[in-house]
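Below is one structure, written out as structure tokens; the observations come after it.
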Amino acid sequence: MNLILDLARGMLRRRRRQTLVSVLGVALGVAFFIAIAGMMRGFQTYFVAQIIDVAPHITIKDETREPPVQAAMLASPEGAVSVRGVRPQDSIRGIRAAGEKLATLEAMPGVAAAPVLGGQALLRYGSRDVSATLLGLDPERHRRVSNIEKDMFAGRLEDLRATANGIIIGEALAQRLGVGMGDTISAISPAGVVLSMRVAGLFRTGIQNVDQGQGFVLLTVQQVLQNRPNTVNQILVRLADVTQAEPMARRIEARFGNRTESWEEQNRNILTVFVIQNAIMYSVTGAILLVAAFGIYNIISTVVFEKTRDIAILKSLGFAEGDIQRLFLVQGLVVGVLGAVLGCALGAAMIEGLAQVRFGVDTPAGQDRFVLSRDWRIYLIASGFAVASSAVAALVPARRASRLDPVQVVRGAA
Amino acid sequence: MTRRLVAEGVTLVRDVNLSFGHGEFVAITGPSGSGKSSLLYLLGLLDRPTEGQVLLEGQDTVGLAPPAMAALRLRHLGFVFQFHFLLPEFTALENVLIPIRKLGALEGEAARHSALALLDGLGLAPAAAKLPEQLSGGMRQRVAIARALANNPVLVLADEPTGNLDTKNAAAVFDIFERMTRAEGRTVLVVTHDPDLAARATRRVHLVDGAVVSDRQV
């Protein structure tokens, strides 16, 4: 094998410039893959971490996945006459027996749960009206399922209890209303209840929708405002192990019957975007490596063509077909491995370069720079793919070389 | 031995029945297209006959798989062609080392020593570290002979080995062949159309249209 390596080195050395170009081609493919994958993986992990951090891992809702079956259907499921336009029975909306369900959830290990009543309200200050989604919550329990307190820059969740009819709103919402801490605003609910509320806290999550249109009040206050006494329409759950969110959600749904969504289900649109992003990344870098592979194919083909005589003499000396094939396969692998090594170095340098970039403005994600992944597995995938494609590219000319008939070559040369 | 080759409807070598002993210096002569080289490639296990047998040291080689034939070439045969076919990237010494390293019987310093001794025996000691392009035509052909002898073969096959050489260098090559047969007991088969050189062989086989028309011991 040493002999094969020496022979391969000698042959590649003769075509130094072409070899260098091929190595660079592979290196660029590997480097771009590392840089792009680093950016995307970094952003995706950061984004997912943000979601997991702010949003509850599991949300239990006051609805079922299928619309409830009507009484007429229940009475005669195989009825010959179908009645259309039956008005559904007016039932009180909300999670039934929320207290028991909460207790059941809390009893599970690694599970924290908090009741919430969400509802719309019109916030009025002077002549300005802004509609907002108000979340009625229990501060002590809510703190265990959400990190919203981390984003509060004025006041704390407990202040909801200390202040009569206190409300915590987003920074942008406060600006639209023109209010600050301690100001009193009116809240008008669809149920027609009007309450005077005092701003007890302000938060900034960086997510526009939340900052512009959300407010937090005490659960009991919200129940009065929405005129839904003792009602809870969501239970938020946080898990010690976030990876268990989806199976846990399914178990909860099976047990309670309520529609239960994991954070993955709630953010499925974003996660789908990630899948598409990854597909684009793989095809772009795959294309670069494909071009590089053609370069390798080209150089090995040229070497085989130029080295016909050498191949013939090696065969006449007693080299078998397998030896000849290995000789040229090794040359492709040498180009691939050199390219992968150079590409990893180049990719690491590109990652560090990208790390220096500052956007100058805060992105919605709350960062002014690229979030970069330096996962060693990215390097492994890129290198593995490069070396494998080099081997495949070299295989075709290597096989052709191995089948060369020395007699014909020697006759042709004479 | 009997062998016949039919390629594309043309019979290159027909009904040849020859056997060569150790230490014979055989010249194969004949007009162009008479099948001299074809015969040599058949004897050198680079080609297979359509009918008949090729026996090497009593062993039939026709049924062997290509790798086994390659192994026989490596261990027992040495080739010299009209063109030297030295690998241009490697020095004279490295070229001679290729078959030695491939066989693997000698390693490291021993292999080097053996190759240097071969080169020295052919008066090439000063050329050992030079690339083929730095050598004269005669020297290149002698390096090619040294490479053919690298694994101490019983049979050396030469196809117009002096075709590209002037008379002085051609005579030197035949001197080497003579020494190989007389002193070292190898069998040398040389295809040549130079009658002066053929006259130096101890046996002359003349081919016409793929058939042996004369086989004379001298």
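Every residue, even glycine, has its Cβ placed from backbone N, Cα and C.
Marked as domain 'MacB-like periplasmic core' by TrEMBL: A:19-254.
The domain 'ABC3 transporter permease C-terminal' feature in TrEMBL is assigned to A:284-406. As a whole-number mean, the pLDDT of the domain 'ABC3 transporter permease C-terminal' (A:284-406) in this prediction is 85.
Residues or ranges marked as transmembrane segment in TrEMBL: A:20-40 (among others).
Summarising the annotation, TrEMBL assigns transmembrane segment to A:279-305 (among others).
Per TrEMBL, the feature transmembrane segment maps to A:326-351 (among others). Beyond the ends of the transmembrane segment (A:326-351), by six or more residues, the same chain brings 1, 4-5, 7-9, 11-12, 19, 22-35, 38, 292, 296, 299-300, 303-304, 314, 319, 372, 374, 379, 382-383, 386-391, 393-395, 397-398, 401-402 to within a C-beta distance below 8 angstroms of the stretch.
The feature transmembrane segment is assigned by TrEMBL to A:376-396 (among others).
Here the transmembrane segment (A:376-396) has long-range neighbours at 26, 29-30, 33-34, 37-38, 41, 285-286, 289-290, 292-294, 296-297, 300-301, 328-329, 331-333, 335-337, 339-341, 343-344, 347-348, meaning same-chain residues at least 6 beyond its ends whose C-beta is under 8 angstroms from one of its own. For the transmembrane segment (A:279-305), the residues of the chain that approach it from at least six positions outside its boundaries are 11-12, 15, 18-19, 21-22, 25-26, 28-30, 32-33, 36-37, 40, 311, 328, 331-332, 335-336, 339, 382, 385-386, 389-390, 392-394, 396-398, 400-401, judged by C-beta separation under 8 angstroms.
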